Amino acid sequence: MIKNNTSEIIKKHGLKLTKALGQNFLTDFGVVQRIVDASDIDKDTLAIEIGPGVGSMTRELAERSAGVAAIEIDKRLIPALNDNLSDYSNVSIINEDIMKADIDAIIKKYKELYNAKSVKVVANLPYYITTPIIMRFLEEVKGVDKMVFMVQKEVAERMVSGPGTKDYGALSVAVQFYSNPKIVFDVPPHCFIPQPEVHSTIIGLDILSEPPVEVADKNLYFKIVKASFGQRRKTLVNALSNSGFFNKNKEQIKQIIAEMGLNENIRGEVLTVAQFAQLTNLIIK
Ligand code: SAM
């Protein structure tokens, strides 16, 4: 049975962990197993792991998947990763920055190599890049059906929140437009070395094959969402009136809102993902 050997590997390779790269490594093997459980990975899956560190989760992913493509930015960790994963022939370590990597090419290459039928992503990354990376995968990457990310607790709450709650915002709408997000479990600071200052949460995103609503112009949809949440204290009519990215005046916006069966003083923060779509489609009309 494999166990967590993070501390051992760090010591053996004399590694100094870098705060700037968010290097807080998991030392609790129970947590590692629960993350992998949540990813629904099986022997037909290519697991893309972003930020493998010294490979404690990579080993568990290798045990359960067709193969793992592990993308790690820090070249100092590569010898430790190779050492820790030497028992596995189904792991490819890619020394790249995920922000710059050609993700589609990586998926294509390793899906073929490991003869995998599906692709799932698992990541524990520095928190400042987690949201941009999640959004990049949701907006641009095709062929992934599930992602499991470690995020800051507050960010997870924003992703799953619904209309009218304090955490509901542009991030909630964007994530829910592309996926079905679920909070899986919280990970307290003592499960890492060194311990982070914030509480972490595992979020699972089941990627939707189609958006839940039909939108005539996706770009405009997200501009409207952003503008609606940009000025939370303003009514929807006022938030959109001077936005300048579509040619409808205040009166016309009021009419559209009435046509949707909504009160003219409504605020954007109570609109559902579907209502934002209806609003966008009526503005285009
Ligand atoms: N997965 C390991 C674990 O759970 O113990 C390590 C997680 S640690 C929070 C984040 C890892 O992401 C580090 O190994 C770090 O070097 C790596 N990383 C940071 N920025 C990255 C980037 N832009 N691209 C790829 N990996 C990155």
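Glycine is no exception: its Cβ is also placed from the backbone N, Cα and C atoms.
Cross-referencing Asn5, Asn124, Asn180 against the S-adenosyl-L-methionine binding annotation in TrEMBL, which names Asn24, Leu26, Gly51, Glu72, Asp97, picks out Asn124. The record assigns Asn24, Leu26, Gly51, Glu72, Asp97, Asn124 to the S-adenosyl-L-methionine site; their largest pairwise CA distance measures 21 Å. In sequence order, Gly22, Ile71, Glu72, Ile73, Ile98, Ala123, Asn124, Leu125, Pro126 make up the list of same-chain residues 6 or more apart from Gly51 (S-adenosyl-L-methionine binding site) whose Cβ falls under 8 Å from its Cβ. Each of the binding-site residues Asn24, Asn124 was scored by the number of other CB atoms within 10 A of its CB, and the lowest score belongs to Asn24.
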